[in-house]
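Working notes, structure below.
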Amino acid sequence: MKVSVLLGLQWGDEGKGKVVDVLTPKYDIVARFQGGPNAGHTLLFADRKYVLCSIPSGVFQGKVNIIGNGVVLDPILFKAETETLTSSCSNLVDKIYISRKAHLILPTHRLLDVAYETQKGNNKIGTTGKGIGPAYTDKVSRNGLRIGDIDYNFEEKYRYAIARHKELLHQMNFQYDLLPLEREWKKSIEVIKRFKRINSDNFINKALIGGRTVLAEGAQGTMLDVDFGSYPFVTSSNTICASACTGLGVAPAKIGDVFGIFKAYCTRVGSGPFPTELSDEIGEKLRNIGNEYGSITKRPRRCGWIDLVALRYAVMINGVTQLIMMKSDVLDTFDTVKACIAYEVNGQKMEDFPFEIGSSVKPIYTELVGWKTNMTKIKSENEFPKAFKDYLLFLEESLGVSIKIVSLGPDREQTIIRE
């Protein structure tokens with residue numbers, strides 16, 4: 001068996017949570033391979049909305065859910081997340097496994113995150129302040145604490161890390177009150193101890209050999225990747241397909257289908273370049289119809305037309321085999337729909353994604369006829385209006401990959417799987 005990978009192709013918030021919920025019946029194991037609690041996957045289950053930050057989205061389907069070694073885990077937020085799930089998901093401790101190699105977000109990581117961002121002044125990158133960046137910094141500098149450390153001289157390692165962080169905070173002259181946060185953090189560690197802490201790399205590889213199916217679930221989006229995104233306005237981890245290998249411990253040869261998710265338009269939260277951003281009534285219309293507000297931060301998302309330059313790049317980097325288009329229904333009322341097919345940079349046409357996106361980058365659009373049809377009740381692709389079929393064909397020809405799934409609303413039933 002091979003691992004299927006599901007990831008976002010834009011700046012995050014593509015709708016991965018719903019798609020995982022749709023796909024999980026086919027899989028035995030769902031595994032998160034990177035990121036932290038700065039991104040939320042929104043799912044509807046039993047008429048209730050849930051936002052999952054660290055727990056894989058297969059939890060509602062009774063699957064084995066693995067938090068992989070590439071994830072950074074905040075015990076406080078993990079505890080809170082499990083508490084919101086107890087009414088809908090029984091026996092959580094039997095469904096969620098945590099990699100011993102996953103790194104912990106310490107209470108001082110949150111403080112450092114805020115302190116670093118404050119120091120940047122006008123050059124802020126829009127961090128969520130959840131401590132993800134400092135946790136990954138400790139990881140690569142070989143100073144981090146891992147889940148497995150809970151069972152080995154943990155208090156000594158913890159005290160050493162906290163003392164080092166306090167010194168950094170002192171150097172930045174940052175005022176803080178650690179005690180309440182630390183007290184809550186230590187209570188939350190006791191909750192983590194109830195869950196199975198495993199060598200997830202061995203577990204997943206043995207599962208594949210045994211014929212079990214695995215879906216690797218990414219967080220955020222390709223254009224936020226620390227290497228291939230719009231640096232420095234990116235997240236602190238690799239969000240692309242290759243990260244499923246390093247974040248779960250599986251070989252590249254064991255990667256199978258790569259499902260790439262994108263919206264029928266574009267959104268972005270926080271600072272950073274966004275070539276197709278619309279700061280007019282059209283952008284506001286997209287935001288209102290699409291309810292474009294961060295699932296965790298509640299920040300209004302910046303909205304714009306679909307960017308095929310960035311999307312082609314994301315498809316290439318990830319080796320996408322099947323595309324999934326979300327929120328098609330948001331465009332139902334538009335007379336015309338635009339798509340960015342290239343950039344103009346200093347008077348020159350550019351079809352490849354550039355090293356840096358500055359103010360000189362201007363989108364070059366093509367305009368398509370809108371379908372002007374309420375598609376939220378459609379049950380089959382045969383019911384798609386012709387203009388929407390033309391839009392799908394245009395996207396497939398532009399991206400070189402077929403669109404397998406089309407989402408027409410937030411509910412699981414509003415999902416069309418194409419032949």
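In case you wondered, yes, glycine gets a Cβ from its N, Cα and C as well.
Annotated GTP binding site per Swiss-Prot: 12-18, 40-42, Arg301, 327-329, 407-409, in sequence order. The DSSP secondary structure for Lys18 (GTP binding site) is helix.
The active site, proton acceptor annotation in Swiss-Prot covers Asp13 and rests on sequence analysis. Asp13 (active site, proton acceptor) counts 26 other C-beta atoms within 10 Å of its own C-beta, drawing on all protein chains shown.
According to Swiss-Prot, the feature Mg(2+) binding site maps to Asp13, Gly40, an assignment based on sequence analysis.
Thr128 (IMP binding site) counts 20 other C-beta atoms within 10 Å of its own C-beta, drawing on all protein chains shown. Marked as IMP binding site by Swiss-Prot on the basis of sequence analysis: Asp13, Glu14, Gly15, Lys16, Asn38, Ala39, Gly40, His41, Thr128, Arg142, Gln220, Thr235, Arg299.
Annotated active site, proton donor per Swiss-Prot: His41, in sequence order, evidence recorded as sequence analysis.
Taking Cβ-Cβ distances under 8 Å and a sequence gap of 6 or more within the same chain, the neighbours of Arg301 (substrate binding site) are Asp13, Thr267, Arg268, Val269, Arg287, Glu292, Tyr293, Gly294. As annotated by Swiss-Prot, substrate binding site applies to Ser295, Ile296, Thr297, Lys298, Arg299, Pro300, Arg301.
In this structure, Thr42 (GTP binding site) is part of a beta strand by DSSP. In this structure, Asp13 (active site, proton acceptor) belongs to neither helix nor strand by DSSP; it is coil. Reduced to three states, the DSSP call for Ser328 (GTP binding site) is helix. The binding-site residues considered are Asn38, Thr42, Gln220, Ser328; of these, Thr42 has the fewest other C-beta atoms within 10 angstroms of its C-beta.
Spacing of Asn38 (IMP binding site) relative to Gly12 (GTP binding site) is 11 Å (Cα to Cα, whole number).
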